[in-house]
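Student: I'd like to ask you about the structure that follows.
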Amino acid sequence: MAPASSILLLSTMIIAFLASAVVSDPDPLQDFCVADLTASPGVNGFPCRNASSVTVEDFIYREMVNPANITAMNRAGAVFGTVLRFPGINTLGLSMARLDLLPEGIIAPHTHPRATEMVYVEEGSVYAAIVTADNRLFAQVLSRGEVMVIPRGLIHWQMNVGRNNAKVIAALNSQLAGTQFIGRSMFGSSPQVPDEVLEKTFFIDNTTITQVRSVFA
């Protein structure tokens, strides 16, 4: 191959690579794609329902109007507006959640493997924290109107440190972000994580392991 042709080919490859690195997802080929939840999801969500069957109700989600169900263990709860409950967001790459926390309540340490999150404190005082992959803690007490961003996949939590109930609205850049709670994953999985793994990871004995597992039973 002649030198000039080699340079042209190399230049073309570099331009193509740079273009592929900066382009976003392809533009949608329709105005909307309300999820057909009776079908199995694909890589980019559920198949579209027939557009003629779509109504305005498919674009409205009302479950976040009321407070979440509060669990006795954490004194907190969440209402999730994912595609599984809100079909109108199918293929749009976003979802929302409402977090309600009683005083001393906590949304326990967890991750969202498929989404970055932004949390907005609507009521109360909330201790919000992130732990990075190099074990740095970024934490702050957030007051009404303040926002914190949580990068995708990082361990994080929210805890009510005020005297009154707290309310947080979360926005995530995935229609189905996934939520993995650290404690439940390690002590409440099925089948169980072997005792030896838990002993060596958390430096606890069999009695403590049994006690913690009973919480997640």
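Every residue, even glycine, has its Cβ placed from backbone N, Cα and C.
For reference, TrEMBL lists these features for the protein:
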BINDING   His110, His112, Glu117, His156  Mn(2+) binding site
BINDING   His112, Glu117  oxalate binding site
DISULFID  Cys33-Cys48  disulfide bond
DOMAIN    68-210  domain 'Cupin type-1'
SIGNAL    1-24  signal peptide
Student: Apart from His110, His112, Glu117, His156, which residues in this chain have a Cβ no more than 8 Å from the mean position of the Cβ atoms of those residues at the Mn(2+) site?
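Tutor: Not counting the recorded site residues, we get Thr111, Ala115, Ile150, Leu154, Ile155, Ala177, Thr179.
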Student: Rank the disulfide-bonded residues Cys33, Cys48 by the number of other Cβ atoms within 10 Å of each Cβ and report the first-ranked residue.
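Tutor: The residue with the densest Cβ neighbourhood is Cys33.
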Student: Do me a favour and check the Cα-Cα span between His110 (Mn(2+) binding site) and Cys33 (disulfide bond); whole Å is fine.
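Tutor: Cα-Cα distance, His110 (Mn(2+) binding site) to Cys33 (disulfide bond): 30 Å.
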Student: Quick one: mean pLDDT on the domain 'Cupin type-1' (68-210)?
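Tutor: Mean pLDDT, the domain 'Cupin type-1' (68-210): 96.
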Student: His110, His112: which of these binding-site residues has the highest Cβ count within 10 Å of its own Cβ?
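Tutor: Of His110, His112, the one with the most crowded Cβ is His112.
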Student: How big is the gap, in Å, between the Cα of Glu117 (Mn(2+) binding site) and that of Cys48 (disulfide bond), rounded to a whole number?
Tutor: 26
Student: Around the Cβ of His156 (Mn(2+) binding site), how many other Cβ atoms lie within 10 Å? Please give the count over every shown protein chain.
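Tutor: The answer is 21.
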